[in-house]
Amino acid sequence: MAMAVLATQSLLCQTHCWALPRPTPFNSNPPPLPSRYPCKHHGETWPTTSFSTLHSMPIVCRASRRKSTALSSISEGSDQDGPLRRVLQLSLWAAEAVYILWLFLLPYAPGDPVWAISSNTINELIGLSLNFFFILPLTNAVGIRLIDAPVLHPMSEGLFNFVIGWTLMFAPLLFTDRKRDRYKSSLDVLWGLQMFLTNTFLIPYMAIRLNEADADSRPSKLSPLGSVMTNGAAVVGLIGGAVCVFSAIWALYGRMDGEFGNITDRWQFLVSYLGSERLAYAFIWDICLYTIFQPWLIGENLQNVEKSKVGVVSYLRFIPVVGLVAHLLFLNLEDQ
């Protein structure tokens, strides 16, 4: 009976209890003990009853409250990542400065800086904007001519629409980014400006989202635009992906009835175009930066993907455009 009571008391004190004192070679019998022995566990005491001095032993509970392993590991990871996070932030702000100075202000890059932009560049930019997503060229091709599409080189049209199609797909990714609340301004405005000036605004966002989170921060409610883009993420992914694929095809085979030559001629034009036009040169920068930012953002938001597709998206995210399409197609909308 005494042993049963002791066993019960031991269970009440969790798994870190043991009985003291023990017999020693110099004293085969333990000393007499009082009738009540406290077992302390987080400020609580349970009495024990002695049935005999030979069988009664004090129960000492060594259980203690531990910090959650998951929380402690996250905290330690945050401390360890602190220096790396600051280095990344400084690198991104430096990249933003270089991007603006080199592509907009300084005269050393190919083409004209923004303060000396030529009328030909302005006219080309207007023509490319009118041929946005090839809507006018395609409607003209089927006989709908509300507005005649400007006739531009297919390579320039393809490059322009490829970058814009890729930019479109960043919208659902930004609106579901788990660190988006660290950016205190409007994501609607950010993405709208990104559609026109691409990485001029995406680079600062990538830097700001590395700020430390507020202790009392809560996920903000999506704007109407954010809700539309998030709920229609699969449609956005299909449209953006289709535009990117069609842009590549158009660049190689579009306007074959014109004087733009074969694939070799078009490739030679592209090389010349990149070396003479600031707009085209900037698009190459955008493609390179998107190739970095796409896997970065997707990798930090894999919890937003359907569980059965996480492995696929994790691998595909490194493939330009394709990884972003996969992320949007398999986005788990129930958690948004």
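The backbone N, Cα and C atoms fix where each Cβ goes, glycine too.
Keep in mind the model is a prediction, meaning the values are calculated, not measured.
Given the ranges 89-108, 189-208, the record in TrEMBL names 189-208 as transmembrane segment.
Here the transmembrane segment (310-331) does not lie next to the transmembrane segment (125-147) in space: the count of CB pairs under 8 Å, restricted to residues six or more apart, is fewer than 3. When each of the listed stretches 189-208, 228-253, 279-298 is scored by C-beta pairs under 8 angstroms to the transmembrane segment (159-177), 228-253 comes out highest.
Looking at which of 125-147, 189-208, 279-298 has the most CB pairs under 8 Å to the transmembrane segment (228-253), the answer is the stretch 125-147. Listed by sequence, the residues of this chain that lie at least six past the ends of the transmembrane segment (279-298) yet keep a Cβ under 8 A from its Cβ atoms are 95, 99, 103, 109-111, 121, 124-125, 156, 159-160, 162-163, 166-167, 170, 173-174, 177, 198-199, 202-203, 206, 273, 313, 317-318, 320, 323-324, 327.
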